[in-house]
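S.K.: This is the structure I have questions about; it appears just below.
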Amino acid sequence: MRVSLSWLKQLVQVTDSVEALAHRLSMAGFEEEEIEDLSARAKGVVVGFVKDREKHPNADKLSVCQVDIGSEESIQIVCGAKNVRAGLHVPVAMVGAELPAVNLTIKSGELRGVSSNGMICSLSELGLATESDGIAELDALTDELPALGAPVAPMLGLDDTVLELAITANRPDGLSMVGIAREVAALTGSALTLPVLTLKPAHELLQASAASAEAMQAGGLYGITLIEGVDGSQVSPTWVQQRLERAGINRVNAVVDITNVVMLEQGQPLHAFDADALEQLTGKPVNAASFGLRQAREGEAFIGLDGRELSLVARAQVVTCHDLPIALAGVMGSKASGVTAATGRIWLESAMFSPAAVRTTARSVGLRTDASARFEKGLPKEMTLACSIRALELLKELFPCEAKGLWVCGDSAADASSVLLRRNALHQLLGPIEDEEGSSDLADAVVEQCLTALGSELSPSDEGWNVIAPPSRRLDLAREIDLIEEVARLVGFDRFGAHLPDPLAPGALTPAQQAERRLRTLFCGAGLQEITTLSLVSASDSDPRIAISNPLLAETSHLRTNLWEEHLAVCVRNLKASQPGCWIFELGTTYAGSADAVEESRLLSGVICGEQRLERWTTSGKPAPPDYYAARGRLTEVMQALKLDVSDRRLTDDSRLHPGRAATLVLEGRPLGCFGQLHPELAASQNLPEATFLFELDLTRLVESATRRNRWVPAFKAFPTVPASERDLAVVVDRSQAASDLMQSIRKAGKPLLEAVTLIDRFEGDQLGENKASQAFRLRYRHQSETLTDDQVQPVHDKVRNALVKQHGAELRS
């Protein structure tokens with residue numbers, strides 16, 4: 001919001017310097033983004049008079065001018081403007097002047113051999129227009145010219161300062177000069193001199209269709225006024241032009257400019273339709289009942305005031321006349337119904353549209369205007385019709401116009417319910433004020449002064465005050481805590497002492513949080529990088545997903561059911577970026593069930609794809625992606641560090657994984673997840689290398705097991721003092737038989753003397769038979785206190801051999 005200081009001073013008494021005022025507003029929540037001194041645009045520019053103009057001797061398009069600037073001697077200036085001539089009063093930039101609008105410093109010099117000691121300026125060079133056809137003719141801009149040599153800034157309206165403030169979403173009142181004036185008055189205690197408004201003007205009922213009436217009342221209010229006797233060709237008076245220029249709004253004509261001035265002053269957007277153009281557009285007589293409000297039809301054509309041709313979508317809301325769209329509700333009017341130089345009658349629209357509907361409409365066409373920015377934040381219903389009367393009064397100052405009627409659909413009265421502000425709640429939350437005399441609770445008189453300064457109505461109660469917020473703040477001051485915040489803001493947050501709870505309890509991580517942190521550290525130590533993927537994904541025909549009600553994009557319209565799909569996409573992006581590999585993991589949540597009963601699952605998922613990001617000197621410069629066992633070993637390292645005994649069980653029915661290189665991971669006798677090489681068909685479809693490995697674990701179960709009591713307590717054992725006895729055992733089993741199952745049977749049968757068992761060899765060949773394989777194990781036996789003899793070892797070893805034969809149908813080879 002650009003705030004003109006001179007306009008602000010007409011609404012409220014300002015005694016602070018502009019810097020002090022900006023600081024006050026920033027501390028109160030309206031952050032100052034820029035302070036622009038408009039006089040800097042014309043610093044060093046004075047009023048001059050062209051006494052004589054001659055053609056340049058060496059250039060057809062240049063003129064040599066003798067300019068009187070009130071000094072004893074005239075100065076010579078070479079000018080290239082077509083409209084320069086003798087007898088004109090012009091703005092003259094003296095040597096040394098800086099023109100920030102065009103980033104130019106004026107210097108003495110020669111143009112085609114003729115000296116020039118200054119520059120005659122155009123309005124664009126002074127920052128008063130986007131483009132200019134020639135130099136500024138001061139005679140046409142004002143009837144009272146300053147003395148020659150006087151600064152030109154005051155007569156051009158550049159004797160002002162503009163504050164640019166950042167307005168937060170909860171303060172729509174800050175998007176109006178009246179709102180800023182009220183804020184300044186509340187902060188400084190200064191008196192207000194606001195325009196007097198007619199809050200409840202006489203009006204008739206707008207007889208709209210049932211559908212339109214429902215849409216209008218859903219938004220809040222719709223008013224339309226017929227005004228005759230305006231002149232669309234008339235240029236706005238200087239004060240209107242200056243207010244618009246300082247606010248950064250382009251001038252159009254006197255009618256449109258007045259609607260924009262009212263919007264800047266009161267915060268209520270207005271729109272003027274050309275009454276005759278509407279009748280020509282629709283081919284029918286137009287009255288108040290001709291106007292309507294509906295959703296756009298898919299593909300409906302619309303040309304806005306900016307000339308853009310739009311194809312509307314059904315979620316956009318349009319204002320209609322005889323069912324033809326004439327405006328995007330709350331955003332922009334149509335070009336065909338806009339005010340032109342031929343306009344003599346207008347329909348003036350003053351409405352309150354639904355913030356959500358305006359936001360949806362603006363987003364659907366990719367257009368955000370000054371009007372839509374205000375509607376989106378919410379407006380007070382009480383001010384809607386009053387602003388149309390305010391615009392009518394300003395139009396009457398310019399034209400001999402007359403209102404033929406005001407028609408309204410909806411109730412202009414708003415619910416002015418009170419909010420109870422409890423004295424104890426205010427003191428408990430804010431604490432005492434600290435000053436040189438000590439600390440004390442905020443006095444009732446100060447609280448009442450703050451709330452009254454905002455325009456609130458107060459009535460005392462046993463507990464404190466019943467507060468009715470002013471219309472402009474009713475959306476913001478809806479709860480007790482909002483009122484307490486306002487009091488603190490106006491008094492000054494820095495004046496309240498700190499009163500933190502005492503004593504402060506030290507924070508600590510839960511065992512589950514510690515386990516997750518350790519998991520992250522261990523995986524990073526194993527060479528993997530943690531990532532975080534978006535939990536919102538697109539719809540899938542093959543994988544039912546829970547839809548969200550208000551998606552921003554179709555690609556983020558559903559909750560994810562897995563992590564691995566996005567992980568593969570991350571790998572693809574990294575490999576396309578010429579990375580040698582992508583080793584990643586994530587601790588994330590997936591969602592299943594329905595919108596009424598969402599089931600959340602915590603997963604640990606990851607992918608090992610390609611080479612680890614290390615130097616190749618260890619592999620003689622050759623690529624060395626991990627094989628199945630190397631990749632599985634990374635996961636084993638992490639599980640062993642957490643003291644978790646995870647075993648593998650053959651997995652063949654997971655369509656994502658290679659049927660011969662996949663395993664179900666088992667923890668404490670129950671499946672924990674899976675690990676395996678990506679299925680060749682899936683890897684090829686994703687353009688991933690064949691040696692891509694995927695793992696997915698139940699994070700909740702993993703953390704539960706890792707946080708069991710004494711799980712991380714180191715168990716110290718004495719070094720063995722007696723030798724071990726080792727025996728090798730080779731058996732022929734089915735080719736599909738997992739070594740882990742055999743080893744589990746060996747451990748169970750070899751108790752208590754068996755200390756360790758290791759797979760040392762696996763062999764397949766025709767001599768063993770079809771679908772047969774030989775697996776060899778090394779068994780280590782040891783007693784805690786004595787050396788074992790063959791007579792002690794052999795019975796246990798025979799027990800192991802018999803268990804393999806009985807449980808797995810093994811054929812003994814040794």
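Positions of Cβ are set from backbone N, Cα and C atoms, glycine also.
As annotated by Swiss-Prot, Mg(2+) binding site applies to D476, D482, E485, E486. Taken from Swiss-Prot, the feature domain 'tRNA-binding' applies to 39-153. Residues annotated as domain 'B5' in Swiss-Prot: 414-498. Residues or ranges marked as domain 'FDX-ACB' by Swiss-Prot: 720-813.
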S.K.: Other residues near the Mg(2+) site, CB within 8 A of the CB centroid of D476, D482, E485, E486?
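M.R.: Here the nearby residues are R473, L477, I481, L483, I484, R489.
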S.K.: Any same-chain residues 6+ apart from D476 (Mg(2+) binding site) with CB under 8 Å of its CB? Would you list them in sequence order, or say none?
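M.R.: Spatial neighbours, sequence-distant, of D476 (Mg(2+) binding site): N170, R171, P172, D173, A469, D482.
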S.K.: Which secondary structure state does DSSP assign to E486 (Mg(2+) binding site), in the simple three-class scheme?
M.R.: helix
S.K.: With DSSP as the yardstick, break the domain 'FDX-ACB' (720-813) down into helix, strand and coil residue counts.
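M.R.: Once the DSSP states are binned, the domain 'FDX-ACB' (720-813) shows 33 helix, 32 strand, 29 coil.
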S.K.: I'd like the Cβ neighbour count for E486 (Mg(2+) binding site), meaning other Cβ atoms within 10 Å of its Cβ, all protein chains included.
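M.R.: Within a 10 Å radius of the Cβ of E486 (Mg(2+) binding site) lie 25 other Cβ atoms.
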S.K.: Could you give the mean pLDDT over the domain 'tRNA-binding' (39-153), rounded to a whole number?
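M.R.: The predicted confidence over the domain 'tRNA-binding' (39-153), as a mean pLDDT, is 92.
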S.K.: Let me check the 10 A CB neighbour count of D482 (Mg(2+) binding site). How many other CB atoms are there?
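M.R.: A count of 16.
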S.K.: In the domain 'tRNA-binding' (39-153), how many residues does DSSP put in helix, strand and coil?
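M.R.: Secondary-structure composition of the domain 'tRNA-binding' (39-153): 11 helix, 40 strand, 64 coil.
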S.K.: Using DSSP, tally how many residues of the domain 'B5' (414-498) sit in helix, strand and coil.
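M.R.: Helix (H, G, I), strand (E, B), coil: 36 helix, 20 strand, 29 coil.
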S.K.: Give me the count of other Cβ atoms within 10 A of the Cβ belonging to E485 (Mg(2+) binding site).
M.R.: 17
